[in-house]
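Take a look at the structure set out below.
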Amino acid sequence: MTQMTPPEIVSELDKHIVGQGKAKKAVAIALRNRWRRAQVEEPLRSEITPKNILMIGPTGVGKTEIARRLARLANAPFIKIEATKFTEVGYVGRDVDTIIRDLAEIAVKDGRERAMKTVRDRALDAAEDRVLDALLPAARPVGLNEPEPVDSSTRQKFRKRLREGELDDKEIDIEVAAQAMTAEIFAPPGMEELTQQIQGMFQNLGGGKKKVRKMKIGEALKALTDEEAARLINDEEVKAEAVRAVEQNGIVFLDEIDKVASRSEGQGADVSRQGVQRDLLPLVEGTTISTKYGMIKTDHILFIASGAFHLAKPSDLIPELQGRLPIRVELESLSVEDFQCILTQTDACLVRQYQALLATDGVTLEFTDDGIRRLAEIAYQVNEKTENIGARRLYTVMEKLLEEISFEAGRIGLDKLLVDAPYVDARLEILAQREDLARYVL
């Protein structure tokens, strides 16, 4: 769990997301409260529950990215789910309980990867020994004598060559774990856990068996390292730690929550929409979900719901769900200045990405300040005239702007391109001004 203070968390989020100070502040406080709660003694600690967040704002302004970056900072199990994927119990579709089951799967996978990293060096040594045993088999015994061991200096020479990659392309016969049996099982929605259990039974049928395969040493070393690492970690500990991480630090991002908000008192599809909201209630309030790794309590999982709320209003959500999302944050639409910052100031800004991509073909891409300003203005104008898709508009505009150079890059004599305002206007101004073209091309 991170011990960063809220200002430090916001500063870290600023490296990747432009603006949206209110939303960053809200999630930073929520993350810090996780740490604060851990310092409180029982029995009061178990009474302190996270304050769930409702983010309201148009698409492409950073709602999802804020939650995703927050989960990375916290090193916490994180899942992003569209609320529209789920249906009321009794209807055809996915059950909301699968959110927690999927989160548990993610936590186990992440925990296993972390555990394998800690034993990677020992696993690599063991894998090298097995490869060397195959390369340098001991001499066969004569009569009752023991087999003669290989000279240690010879073994060390081969180990050195192995580590330097000189033997990677040589083929050897090596004993590796046989691949587990796999069976693709199709089942009706809502029975995902049953299919997972049946698949697990099939996989266990072939577990523990080994077979001799002819492989290149480079491939064999990787396969054996993974096999040895899996043998060195305690899988039961990994699963128990994953369940604890989900219960104490899990973050669920519920996107498109406005799409399940009922916009009228009518019947029809709204029945199922309200049903999804009612099914979400116990999950958000705190309940116990059965998973294949054990029972998971959702009392201390942080839920961040988000939606554009173009057609519906937050008040259209059922009152019980509104009460369980006490912190509301409104995200602003992006301005021309925001677009400029997105293009140049974030850690992995678009300008840097395209410069790195074209540098692989030997092309130096340079952007002038007026060129970047013009790009930002065109992206903003197109958003205003057509649908506002936020920062995602920059991807479309940049692709169109650099389409020609991306196609021609690598040609002899083409090693530098300066992108200034006239260059941007020459390629994008007509498209931006004509609404019919902007709607379909940009």
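Glycine is no exception: its Cβ is also placed from the backbone N, Cα and C atoms.
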Looking at Swiss-Prot, which one out of Val10, Val18, Val108, Val212 binds ATP in the same site as Gly60, Val61, Gly62, Lys63, Thr64, Glu65, Asp255, Glu320, Arg392?
Val18
Around the Cβ of Val18 (ATP binding site), other Cβ atoms found within 10 Å total 20
By a simple count, how many Cβ atoms lie within 10 Å of the Cβ of Glu320 (ATP binding site), its own Cβ left out?
13
